[in-house]
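Student: The annotation transmembrane segment is assigned in TrEMBL to A:21-43, A:58-76, A:116-136, A:142-168, A:180-204, A:237-255.
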Amino acid sequence: MKMYLSVGKLRFVTGLQYRTAAFAGILTQLFFGFVFIMVYVAFYNRSGAQLPMTLQEVVTYIWLQQMFLGLIALYFRDPDIFQLITGGNIAYELCRPCGLYGFWFAKLLATRVSGVVLRCFPLLVAVLLLPNPYGISLPPSITAFLLFLLSLLLGLLIVCAISLLIYISIFWTMSPTGSTLMVATAGEFLAGMILPIPLMPVWMQKLANSLPFRWTVDFPFRVYTGHIAAAEALEGLMIQLFWLALLTGLGLLLINRALRRVVVQGG
Amino acid sequence: MGNPIISLEGIGKTFKVAKRAAGVRQAAKALFYRKHTFVEALKDISFTIREGEIAGYIGPNGAGKSTTIKVMCGILVPDEGDCKVMGYTPWKSRTAYVGNIGVVFGQRSQLWWDVPVIDSFELLRDIYKVPDTRYRKNLSMLTETLALADLIHVPVRQLSLGQRMRCEIAASLLHDPRILFLDEPTIGLDAASKIAVRQFIKTIHKEKGITVILTTHDMNDIEALAERILMIGKGSLLYDGSLDELRRRFGSSRTLTVDYRDCLRPVDIPGAVRHSWSPQQAVYTFDSAQISLTGVISQLSEQAEILDVAVDSKSVDELILQLYKEHQI
């Protein structure tokens, strides 16, 4: 356990070095947040129909997404791990008395957390100060907020488990581009990164519900807004746990299979 | 010499390599149909290393040295054969086993690039679960013998190769391994760093009785360190023995360079071959097992007034080249 904390800490410290990147990230995320919100504002003003989410909920959803982008975005990749595999430095990783899966999981987790810690607080202050309808709203209750934190954490773990499956695929494909692109593009759409799930057509909602992705983005953010009520949220947490167990189990199985046929690239 | 600590029995490993000729057309063809060839990296490799030995593992590029090291470290799974290191089969009980070994791959880095060396050391301490007192003791010993005091607070990317290699070696010894695998530890280092690394390996071997397996292309490494040489070529073990024995086998040839006061005609010596001659200097080679050095010199001194003589035996490099030639690799 201490080892995982230690590797996480080192990764975290390394990540904190990139202050300029964090500052640039904040500006980019503010910009994208505004663009998305303006589109939704126009859409809500012109639409006569009864929509499944209020504008206020959508705006909050978008700001949460921008704040925690680093935690939940599937297309974030960790160049270190795929260089380990394609460059052959995995030789050293295999000389350590620990399982590779847990070791890499800790690395990924720390990279994501360190990336977000520097960005989310300044962004939070900024979006709290914005006037209506552009500002973020507070969660309706303490319970909703606590459930949100829990679901965000589980969502983060699920994202890491999915990313690790992508990395493990590199043992066979030798390039992260294809698998990242496919999984990230489809996965982010089905996670609700482009469009919150309730705004999707029903058939697409069914598809999204049968896959793990929506539990990483759509679910925690709608728990925050109260759009998903506490009782339903508890049920959702169970489903998150189920997916987490399934995905980590699959990852462990595949990594063991990959290591049996590992080739250290580059002599 | 101690008990056997590493034993390999008939280890074999084959790699599948995709092949295609150069050019766009061939590349397009390879989209649909790929040719594979099988490269036998290791063929029936067997040897035993005893506890406390320093063994030099040599061979030309691509001979299978690194592959053997990786099998012994539990990184690669061989296709056939058996390997026991300290009672473990490395690739079967990898996580339990690797806590007992230290590894340095000269061409790779185990240190975190962007942070000071000490951070990597502390991570390794936690990975290997080294108790704090022992970690501090080992760290101060390594800092002292490898002269790391000024280096460990510097980010790795700012170190020179020689400095980094010293840190890499220290990193592999923080957890008191019983076996140290060094895969080309002196590659790319300047003369001073090479000597420092060799000196350190000697010290650590003497003080801790650690078993060292070393691969290298630098025969000076072998000469300075290895009591025993294992030579591999094209995947097969070709020689296993001491450096002295190798010398005895191939090394009885001597080169003699003589300077003398002006002598107008060349001197022939039975049993020695004359390579060059001038009124001031001549070069001979002879087999010291056939004819003694004193014999050659005394015959020479009868004919000319000798001013100076220099005798050279074959360098280890030449011995190894001769071994390669003998095995046609």
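Each position is counted from 1, following the chain as shown.
Cβ from N, Cα, C; glycine included.
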Student: So if I exclude everything within five residues of the ends of the transmembrane segment (A:180-204), which remaining residues of that chain have a CB under 8 angstroms from its CBs? That is, six or more out.
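Tutor: Non-local partners: 51-53, 58, 61, 65, 72-75, 77, 162, 165-166, 211, 213-214, 216-218, 221-222, 227.
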Student: Check the transmembrane segment (A:142-168) against the transmembrane segment (A:58-76) for contact, please; criterion is three or more CB pairs under 8 Å, pairs 6 or more apart in sequence.
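Tutor: With 3 or more qualifying Cβ pairs, these stretches touch.
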Student: So if I exclude everything within five residues of the ends of the transmembrane segment (A:116-136), which remaining residues of that chain have a CB under 8 angstroms from its CBs? That is, six or more out.
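Tutor: Distal contacts: 12, 16, 19, 22, 25-26, 29-30, 33-34, 37, 41, 55-56, 59-60, 63-64, 66-71.
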